[in-house]
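Per TrEMBL, the features are:
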type: DOMAIN; residues: 2-118; note: domain 'PLAT'
type: BINDING; residues: Gly17, Asp79, Asp80; note: Ca(2+) 1 binding site
type: BINDING; residues: Asp39; note: Ca(2+) 2 binding site
type: SITE; residues: Trp103; note: site 'Essential for stabilizing binding to COTL1'
type: DOMAIN; residues: 117-564; note: domain 'Lipoxygenase'
type: BINDING; residues: His368, His373, His551; note: Fe cation binding site
type: DOMAIN; residues: 565-617; note: domain 'Lipoxygenase'
Amino acid sequence: MPSYTVTVATGSQWFAGTDDYIYITLVGTEGCSERTLLDKPLYNDFERGAVDSYDVTVGENLGEMELVKIEKKKYWVHDDWYCKYITVKTPSGDYVEFPCFRWLVDDKEVVLRDGKALLPKDDKTTLVKQHRHKELENRRKTYRWREWQPGIPMSIDANAHKELPRDIQFDSEKGVDFILNYSKAIENLCVNQFMHMFQSSWNDFADFERIFVRIKNTISEYVMQHWKEDFMFGYQYLNGCNPVMIQKCTKLPEKFPVTHDMVADCLEREMTLEEEIEAGNIYIADYELMEDISPNSTDPCTLQYLAAPICLLYNNSQSKILPLAIQLGQTPGKDNPIFLPSDGQYDWMLAKIWVRSSDFHIHQTVTHLLRTHLVSEVFGVAMFRQLPAVHPAYKLLLPHIRFTIAINTKAREQLICEFGIFDKANGTGGGGHVEMIQKAMRSLTFRSLCFPDAIKARGVDSPEDLPYYYYRDDGNRVWDVTKSFVWDVVCIYYDSDDTVQKDEEIQAFVKDVCSFGMQDLDCCGFPKSLKTREELTEYLTVIIFTASAHHAAVNFGQLFLGMYPDEHFIEKPVKVAMESFRKRLAEVSSVIKIRNEGKKLPYYYFSPDRIPNSVAV
């Protein structure tokens, strides 16, 4: 009688193993096996990290393997089990891989397709077509859209992390890390010790040093030594944590009436201010978004204030970016003066501090929260709703969506919720942060998520004009390498533009993102369909780049780009493309490392060896 050897790999996560009954059924084109018990409880199989093999004997050959059905039945109490993959060795000696990477909870059956990535048109039998349809039908019931706040991207329908589907929750280690890292961050910043300082007036600038006394590394120490200087203030616009505000000034706005006489002492090329603007040497950072945002009033004993400044910047003869003039409000007038470097030391310094305060709020709420976390969640929810596990785009995107929905749910549960951390420690808490997101949605377009387009739109795309903009240079390198990799994968599965147009699942995915995730806002410009392989490549690149590289550039890294520990793809051409991707990323890392050697302020946020795969922190 024909015998099949079934190999089962259990995950290494905490509590991944199980003592429950595990049954398996093999389904082929010529029939299916009997429901077979693989192991009995307490027999020490299916332990954390274990790989166990079993023989399944059948009456006759099952033909080509199509599906594997796994059932977990309760032995004593509900015992979740994480299955990494199942491999079936057929009587002819062939090996068929069935990636799983899922939790089996309660007494539910999981049905797996073999590991080949297939478009809808590639499914040949009624059985696999039905399985594909049923999988998506169940996913749409599980992954539902919900509006957390009006006028912002939609999110997953869950009030708390524990309500999420088990497969997208943090595993136990990650959950513990979240709590420990938060506690450690509070300890490192000495917030508990110095909390009274936030509730009262500060005495002098040395208070900054007292707060950050425990943050010790070469870069932070250099910044602490030079933070008061104009060159450091300007450098932050190029390579700081929010390097997206600076843009070429082609004409002074009427609301910011800076004259040549005001700044003549700061200009170095014997040109008027108007001539410097025409020559492309003047830049501007406008915090108009902050106008009329409600300051935090959750503590009636502590008055808080917000500014909506405009800052004029000068690219001097040494290619250093220096502040020329600062106006702290959007409407000029006697009560809204323009501050200059020639003003008193503390007047100028305080003006720069107010600009940095506004920059912080936009960085945290718009650049970071909205444009990486919330946008990535939209792509993630739509992916689970519209792309089955067998779809190549699902396999490509899944590592870049990992834990994103979980971290965002945690944030809505603990950080940006009413009475959350934002309300306690942020000047825009108490609702101002939501107002900011709602206003920022007007400028959140699909094109603004395409890195080269966003750089060009701000007029900062020329390395000759702006030579030390490492955020731009390194970001372009990573974008190009990522897009090239995505193109390689797209061409493996889509042989023509017509194939893209006829892929109803990818089209449904794109439409779900726009019509539901982005609430079909007219200003967003997200496509509702894709017509060419080039469009599909750019779309997938935006998702991967936003969740990995751009999040790293405005946050920090843990799990690295190009490394795929869960092997959802089994085809050799994709593995070759992945290896090429890793090599090109390594080359970019090498270029950045060489460039950084000897620099007092090295820039490595876009270095691929420091870029996390997903928005997971």
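Heads up, the Cβ atoms here are built off N, Cα and C, so glycines get one too.
Any TrEMBL annotation is an automated prediction that lacks curation.
Among the recorded positions Asp39, Trp103, His368, His551, the residue whose Cα lies closest in space to that of Gly17 (Ca(2+) 1 binding site) is Trp103. Residue counts for the domain 'PLAT' (2-118) under DSSP (helix as H, G, I; strand as E, B; rest coil) come to 0 helix, 62 strand, 55 coil. Within 8 Å of the Cβ centroid of the Fe cation site, not counting the listed residues His368, His373, His551, the chain contributes Thr367, Leu369, Arg371, Thr372, Ser376, His550, Val554, Asn555, Val615. Each residue in the domain 'Lipoxygenase' (565-617) gets a DSSP state, and the totals come to 28 helix, 1 strand, 24 coil. For the binding-site residues His368, His373, His551, the ranking by surrounding Cβ atoms (within 10 Å, all protein chains) places His551 first. For the pair Trp103 (site 'Essential for stabilizing binding to COTL1') and Asp80 (Ca(2+) 1 binding site), the C-alpha distance works out to 6 angstrom. Straight-line distance linking the Cα atoms of His368 (Fe cation binding site) and Asp80 (Ca(2+) 1 binding site), rounded to a whole number, equals 34 Å. For Asp39 (Ca(2+) 2 binding site), the nearest neighbour among the listed binding-site residues (Asp80, His373, His551), judged by C-alpha distance, is Asp80. The predicted model assigns the domain 'Lipoxygenase' (117-564) a mean pLDDT of 89. The local packing around Gly17 (Ca(2+) 1 binding site), expressed as other Cβ atoms within 10 Å of its Cβ over all shown chains, amounts to 21. Long-range Cβ proximity for Asp79 (Ca(2+) 1 binding site), meaning a same-chain Cβ under 8 A and a gap of 6 or more residues, is found for Thr18, Asp19, Asp20, Lys72.
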